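Visitor: Below you will find the structure I want to go over with you.
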Amino acid sequence: MDYINAAILGVIEGITEFLPISSTGHLIIAEQWLGHRSDMFNIVIQAGAILAVTIIYWRRLLDLVLGWREPENRDYAAKLIVAFLITAILGLVVKKLGFELPETATPIAWALIIGGIWMIFAEWAAARRPPHKQITWLVAILVGIAQIVAGVFPGTSRSGATIFVALLAGTGNRAAATEFAFLVGIPTMYAASGYELLKTFKDGGAAGEDWTALAIAFVVSTIVAFIAVKWLLAYIRSNRFTLFAIYRIILGVLLLGMTATGMIA
């Protein structure tokens, strides 16, 4: 993989990983022209995106750790931990069952379309409720489950699934739902990336990697994800997610069309 392709894929990952539009769908399209990505490359660009969100929320994370004696912080942290543990346990079950990701774009396209329709419904339902910021235990449990659903059905979007489950479960404030979804995603994605990294090294998958290309992709993904998430957090203060829902539906239809015409597998 040349350095320009590595940078382009880093940009795509950085933009799409935490926006509710599915990084998987975009990377599949890019793969048709930029070549197949190794497991190591996928891990590296995702790690860059996770680092960006960690940097954005470092003060919030530090407050939760240092202020653990405060009931509000302790309660919030406990809900984050429970959501993460639910994802971790269900993730191990999915691995044990031998679940395999789809090899064609069609299921991903349908996940994009259905997810887009679901997002519009969730926004409509949330608008009919008081815009409170409370994260309930039900929200925490459902967010943990939603992360696994997004992993099992690529194209769903982890951020999209978790944010809109939180909205439907009673957190009527978009900013509060997004923050909880992103904070849960930090340990979840670090754990998943760490697991895959160890597995890749164990299987010899790191041999022959172009470490310069990996470094470029990592740095680009980190910078772009930082900008994208900062923009998203500002955007949702006064705007709904409807624009993303429409975009998902259009992308899903485009993928179905490209599959039907043989442009992609």
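Each Cβ is built from the backbone N, Cα and C atoms, and glycine gets one as well.
Annotation comment: Swiss-Prot describes 38-58, 80-100, 107-127, 135-155, 175-195, 213-233, 244-264 as transmembrane segment, evidence class sequence analysis.
Distances, neighbours, how buried they are, the whole picture for these features please.
Guide: Within its own chain, the transmembrane segment (80-100) has Cβ neighbours under 8 Å at 64, 137, 140-141, 143-145, 147-148, 151-152, 180, 183-184, 187-188, 191-192, counting only residues six or more beyond its boundaries.
Beyond the ends of the transmembrane segment (135-155), by six or more residues, the same chain brings 22, 24-25, 76, 79-80, 82-87, 90-91, 94, 99, 101-102, 107-112, 115, 161-162, 165-166, 169-171, 176-177, 180-181, 184-185, 188, 252 to within a C-beta distance below 8 angstroms of the stretch.
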Visitor: Run the contact check on the transmembrane segment (244-264) against the transmembrane segment (107-127): 3 or more C-beta pairs under 8 Å, excluding pairs closer than 6 in sequence.
Guide: yes
Visitor: Please figure out which one of 38-58, 107-127, 213-233 racks up the most CB pairs under 8 Å against the transmembrane segment (175-195).
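Guide: By the under-8 Å Cβ criterion, the transmembrane segment (175-195) pairs most with 38-58.
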Visitor: Who are the long-range neighbours of the transmembrane segment (107-127) in its own chain, taking Cβ under 8 Å and residues 6 or more past its ends?
Guide: 20-22, 24-25, 28, 153-157, 160-161, 164, 167-168, 172, 174, 240-242, 244-249, 251-253, 255-256, 259
